Amino acid sequence: MIEESLVWTFRRSKAVVRPQNNNISDTVNADKEEENNHQWDRPIEFVLSLISNSVGLGNVWRFPYLAAQSGGGAFLIPYFTLYFLIGAPLYYLELALGQFTSRGPASAFVLAKGWQGVGFAMIINSILGTLYYNVIIAWALFYFVLSFRKRLLWADCGHWWNSNGCFVPGSPGNTLGANITALNCTLFNCTGGNCTTALSSNFSDSGCQENNTTSVKQVTVTEEFFYRLLLNKSSSFDDFGVPGTYMSVLLLASWLLICVCIIRGVQSSGKVAYFTAIFPYIVLLVLIIFTATLDGAREGIIFYIVPRWELIGSFKIWQAAASQVFFSLSISFGSLIAYSAANDFHNKFFQQMCIVVSCDCFTGVFAGFAVFATIGFLAKSLNEPVEVYATASGPGLAFITYPAALAKMPASPFFSIIFFLMLLALGLGSQFASTDVPVTALMEFFPSYAKRRSVLVVITCSVFYLASLPFACPGGIYLFELFQEYTANISLVFIGFFEVVSIAYIYGFNRFMNDVEMMLGKRAAQYYLFVTWCITAPILTLVITATNLLNTAPLKLDASGGFPPYEFPQWSTTLGWFIFVICIIPIPLVFLISYIQEYRRMAKEKTDYGPSKPLFLAALESNNLPAESWGPRRRIHQTDAYAHLATRTTQKNFISQQQLPEYTPRVEETTSIDTGIPNPTFNPDSTLNDDDNELSNQQF
């Protein structure tokens with residue numbers, strides 16, 4: 001109690017305690033060690049790591065899927081609009097917050113005491129998103145392993161998982177009768193003779209009668225490979241089943257890979273980013289060139305780039321575009337704050353933000369050309385309109401269209417290996433950052449475990465693997481859809497609303513821009529940020545969230561992979577909103593707890609908050625003020641408005657290293673109200689030289 005009071009007395013006075021030289025040396029060495037740890041070696045590695053984190057599976061998998069579900073070209077207009085009005089500003093905000101504080105999301109939001117729940121919500125959202133995101137990595141790993149064959153398994157029918165309706169798009173005479181060999185004659189009733197005779201002569205001569213094939217639904221070979229072999233998809237959510245062997249092993253392998261890669265931290269991630277950030281563009285370029293030559297590619301690309309204007313006013317499309325912007329840029333996950341926390345304090349992050357956001361925005365559009373060119377090819381093979389096939393492909397769209405294109409390429413196994421290696425690189429680059437968010441949070445909450453990072457990583461990955469096993473069940477694809485809707489969609493936008501409000505309005509736009517000026521030497525893009533942070537971003541995120549809440553309805557899946565259309569049961573909607581509440585509950589909960597603490601503290605200390613202001617309003621105002629620890633974490637940057645933090649750190653280091661009774665300054669003792677322990681109060685007469693701010697006649 002005495003030490004704490006002495007520290008606060010020193011902070012409020014003009015005097016600055018200066019320890020002896022040996023103590024200064026110890027403090028400086030500690031500061032240097034803090035400065036050198038957990039920083040990027042080069043700015044280019046930070047940029048490439050951001051690209052690797054943001055340009056992930058969401059660009060080559062989720063973007064084409066949402067575009068197909070939202071009318072193709074009609075999706076691009078709200079997509080670009082929201083990138084400019086929400087995506088780029090919030091990306092800037094998170095980079096600035098992390099770089100200024102050098103803290104992760106768990107402690108960065110101490111800029112307003114009652115709003116630390118925003119950071120906690122990010123961590124929970126990151127955990128749930130990580131569980132769901134790793135399922136896609138497991139899918140990519142399955143395709144990657146099975147690409148090491150002379151002929152790809154999804155290149156033809158005739159396997160045990162194929163149905164009577166299986167066919168290979170683009171094959172000569174791709175009717176059901178022409179595929180009889182691959183289907184082992186299951187379309188015919190042969191009472192005499194054999195199938196070979198039936199295929200080479202008249203059916204009546206061989207004793208075979210042709211079944212009525214018109215009632216058999218045609219399903220592409222890639223759809224059956226994905227839904228029947230990999231997922232073993234059940235017919236309904238209620239028929240959930242138990243974890244399948246393939247998916248259980250794949251998830252285990254994915255989590256082991258992640259555990260090994262992040263167990264020693266992210267010091268090497270910048271080096272890996274040279275590959276993970278550049279390699280995907282080369283592969284996508286090759287795919288785009290090849291798919292453009294497929295029959296029907298033109299119709300698919302036209303569907304992709306020509307907007308259907310009647311759909312622009314649909315809130316559903318704007319909601320899908322907003323969720324994709326947040327998901328693709330990794331906004332509201334906390335990974336951007338954690339990455340930028342390892343930056344140099346004066347790093348020019350504004351230019352880096354412009355580069356990364358541009359790359360991320362156009363990568364999804366770039367990848368869409370390859371997907372929709374292939375969709376056009378598959379739709380023409382099925383004699384269906386592009387729109388019908390695009391909307392019926394489901395969440396595995398990219399794992400159906402890309403493999404179909406790869407199977408048509410020369411040296412298809414080689415290109416398949418390269419492509420799915422690219423997907424793994426994209427997915428793991430994002431997953432490393434997302435998984436590191438809860439690990440870093442645990443290290444911040446429990447500093448004693450900071451030196452046992454490897455143990456925390458192993459425990460975290462083990463728990464996450466067990467928690468992700470439901471996705472390995474036959475009904476896991478329905479749970480996957482539920483998570484995609486409620487954890488990587490509505491919750492991201494909701495958290496983004498409170499994130500921008502807490503900084504632009506609670507902490508204050510002008511105050512935060514002053515902090516930016518401390519780092520960059522200027523208030524970069526302040527007019528654009530004022531309009532977006534204070535007007536467009538809060539309004540748009542609030543409207544999108546409200547329309548989502550008002551228009552809630554059970555999820556529906558179109559017919560795909562030979563499965564009929566399916567509407568989720570009513571109980572699944574309740575489960576989805578429960579998941580959503582878990583994602584955002586820290587925001588109101590932490591605010592309420594912090595407010596009660598402030599109210600009790602002010603009532604107990606009888607704080608003078610003015611005669612005309614009731615206590616509950618005074619506590620509310622205090623709850624919105626920055627915490628005492630708010631500011632740059634590294635001592636060398638604690639200047640100007642944050643100079644008191646450096647003084648406070650020096651005093652704490654000094655007090656912890658000295659015997660307080662032996663080095664006590666002249667004080668006037670007052671009695672503590674709550675404990676009765678004498679509290680030292682600084683005597684202003686003890687300062688003789690205000691210019692030097694030193695205590696005279698004291699030996700420290």
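For all residues, glycine too, the Cβ spot is worked out from N, Cα and C.
Positions annotated as Na(+) binding site by TrEMBL: Val55, Asn59, Ser328, Leu426, Ser430. With a 10 A radius on its CB, Leu426 (Na(+) binding site) counts 28 other CB atoms from all the protein chains.
TrEMBL lists 670-687 with the feature compositional bias 'Polar residues'.
If you look up TrEMBL, you'll see Cys157-Cys166 marked as disulfide bond. All protein chains shown were included, and the count of other CB atoms within 10 Å of the CB of Cys166 (disulfide bond) stands at 25.
According to TrEMBL, the feature region 'Disordered' maps to 666-700.
Taken from TrEMBL, the feature transmembrane segment applies to 76-97 (among others).
Under the heading transmembrane segment, TrEMBL lists 118-146 (among others).
According to TrEMBL, the transmembrane segment annotation covers 246-266 (among others).
TrEMBL lists 278-297 (among others) with the feature transmembrane segment. For the transmembrane segment (278-297), the residues of the chain that approach it from at least six positions outside its boundaries are 48, 55, 60, 170, 363, 366-367, 369-370, 373-374, 376-381, 402, 405, 408-409, 415, 418-419, 422, 425-426, judged by C-beta separation under 8 angstroms.
Annotation source TrEMBL lists transmembrane segment at 317-342 (among others).
According to TrEMBL, the feature transmembrane segment maps to 354-379 (among others).
Marked as transmembrane segment by TrEMBL: 414-434 (among others).
Remote same-chain partners of the transmembrane segment (455-480), defined as residues 6 or more beyond its termini with a Cβ less than 8 Å from a stretch Cβ, comprise 127, 130-132, 134-135, 231-234, 236-244, 247-248, 250-252, 255-256, 258-259, 262-263, 395, 435, 438-439, 442-443, 449, 568, 572. The transmembrane segment annotation in TrEMBL covers 455-480 (among others).
As annotated by TrEMBL, transmembrane segment applies to 486-507 (among others). For the transmembrane segment (486-507), same-chain residues at least 6 beyond its ends with a Cβ under 8 Å from one of its own Cβ atoms are 86, 89-90, 93-94, 97, 109, 111-112, 115, 118, 121-122, 125, 128-129, 132-133, 319, 322-323, 326-327, 331-333, 533-534, 537-538, 541-542, 544-545, 548-549, 576-577, 579-580, 583-584, 587, 624, 626.
Note on the transmembrane segment (527-550): residues 82, 85-86, 88-90, 92-93, 315, 318-319, 322, 489-490, 493-494, 496-497, 500-501, 503-505, 509, 513 of its chain, located 6 or more positions outside it, place their CB under 8 angstroms from a CB of the stretch. As annotated by TrEMBL, transmembrane segment applies to 527-550 (among others).
According to TrEMBL, the feature transmembrane segment maps to 575-596 (among others).
Rounded to a whole value, the Cα-Cα separation of Ser328 (Na(+) binding site) and Cys157 (disulfide bond) is 35 Å. Scored by C-beta pairs under 8 angstroms, the transmembrane segment (76-97) has its highest count with 317-342, from the stretches 118-146, 246-266, 317-342, 354-379, 575-596. Rounded to a whole number, the C-alpha distance linking Cys157 (disulfide bond) with Asn59 (Na(+) binding site) is 30 angstrom. Here the transmembrane segment (317-342) has Cβ contacts under 8 Å with residues 38-40, 46, 49-50, 53-56, 58-59, 62-63, 66, 69-71, 74-75, 78-79, 81-83, 86-87, 90-91, 94-99, 101-105, 108, 119, 121-123, 125-126, 129, 266, 311, 349, 357, 360, 364, 430, 433-434, 436-437, 440, 488-493, 495-496, 499, 540-541, 544, 547-548 of the same chain, all six or more residues outside its ends. A contact between the transmembrane segment (118-146) and the transmembrane segment (575-596) is present, since 3 or more of their C-beta pairs, 6 or more residues apart, lie under 8 Å. In sequence order, Ser52, Asn53, Ser54, Gly56, Leu57, Gly58, Tyr133, Ser330, Ser335 are the residues near Ser430 (Na(+) binding site), counting only same-chain partners six or more apart with C-beta under 8 A.
Each residue contributes its Cα atom, and for Asn59 (Na(+) binding site) and Cys166 (disulfide bond) these two points are 29 Å apart. Taking the mean position of the Cβ atoms of Val55, Asn59, Ser328, Leu426, Ser430 as the Na(+) site, the remaining residues of that chain whose Cβ falls within 8 Å of it are Ser52, Asn53, Ser54, Gly56, Leu57, Gly58, Val60, Asp360, Thr363, Gly364, Gly429.
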